[in-house]
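To keep things clear, I will list the structure first and then write my remarks on it.
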Amino acid sequence: MKSITLVGSTGSIGTQTLDIVSQYPDQFRIVGLAAGSNVEMLAEQIRQFRPQIAAISAAEKLPALQAAIKDLDPQPILLGGEAGVIEVARYGDAETVVTGIVGCAGLLPTIAAIEAGKDIALANKETLIAGGPVVLPLVEKHGVKLLPADSEHSAIFQCLQGVPKGGLRKILLTASGGAFRDWDVERLAEVTVADALKHPNWSMGRKITVDSATLMNKGLEVIEAHFLFGLDYQDIEIVIHPQSIIHSLIELQDTSVLAQLGWPDMRLPLLYALSWPERIYTDWEPLNLVKAGNLTFREPDHQKYPCMQLAYAAGRAGGSMPAVLNAANEQVVALFLDEKIKFLDIPRCIELVCDRHQNDNCANPSLDDILAADQWARQEVLTATKNLASQPQIISVN
């Protein structure tokens, strides 16, 4: 039985991970839980899964959590604040830590888990996007496994099983196209928050659903794929695949192409990350290609999706620039969800912030450099949102 700590337990990734654990009680057990601010849901999870330790990032809500489970016996260790989440991530009894926290907030807990010798089921792409220059050397130093738990990188990882070293030629990341794949570019000026949250295929959290609508999610995945699989950016391509049945593909040196297929269900990559290298039987609905029907592909529209180009440019710049891109995107999407800026302001603001960082880009950033760049970018967004009157030039991927 594998012992698991789940960081980000009340979010979309967290609840689906717990669904898997509840289906396979003879395979997995929860020893640690950490969440952001949802006291009620975390208390319910503690009651059901009986972890040894739990934390809530919103420290002011710790007394409410303590009160909500005061009748439990035995009592888990309860902690509050970011430091509490980090303690949960490094807790001794866990073999694998699932990182399901959204955004750069997952970086420090992931590093703590790696330094404690835990294998990582990585569902938090920002850990590598912002912290790749720091995280990958730590993974090697501590001899832990870094297993992708999002659908696209899990698909690539699965396709690579049995491929000899040097056999990989190209990665093709598939994208649904998000909520606006069938909209004309001219209509994007009318986008509301409700429009952006209508993903055609996947059920996800609010932030990642907006990222899917801008295709920044796919741009961030390009950077993550670069760190995970070691390919140059010119060898990582994005293709629009509206059905979300093929989760990604790899091209080998002899031009053979391998793909991983399945219904759009995050539980499958999560289960594989938890069970690897084993394959566990499930009673989930198998893929029926006749039922799925046509599988279609098209090139992404760079005019409609400028965030894609910004991500490629940041990835190629390297250093601390991906951390700035990621932080700016997180902050701008939060402003959009609060209806403080328009949808089309998202790429404009991100580009302004990245442009301002060019002269300060740190080529070989330390963890402190990355955290400083992250904080700088978030503050810079507030300035950039005041300077959106003129349409900027979009950075080219070429």
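Glycine too: its Cβ is placed from the backbone N, Cα and C atoms.
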Same 1-deoxy-D-xylulose 5-phosphate site per Swiss-Prot - residue from SER176, SER256 joining LYS125, SER151, GLU152, HIS199, SER212, ASN217, LYS218, GLU221: SER176
Residue from GLY178, GLY205, GLY219, GLY230 that Swiss-Prot also lists as binding NADPH with THR10, GLY11, SER12, ILE13, GLY36, ASN38, ASN124, GLU126: GLY205
GLU221 (1-deoxy-D-xylulose 5-phosphate binding site) and THR10 (NADPH binding site), Cα-Cα, nearest whole angstrom: 23
From ASP150, HIS199, ASN217, the binding-site residues whose CA lies within 10 Å of that of ASN124 (NADPH binding site): ASP150
Distance, GLY36 (NADPH binding site) to LYS125 (1-deoxy-D-xylulose 5-phosphate binding site) (CA atoms, angstrom): 18
Distance [Cα-Cα, Å, rounded] between GLU152 (1-deoxy-D-xylulose 5-phosphate binding site) and SER12 (NADPH binding site): 17
Residue from SER12, GLY36, HIS199, GLY205, GLU221 whose C-alpha is spatially nearest that of ASP150 (Mn(2+) binding site), among the binding-site residues: GLU221
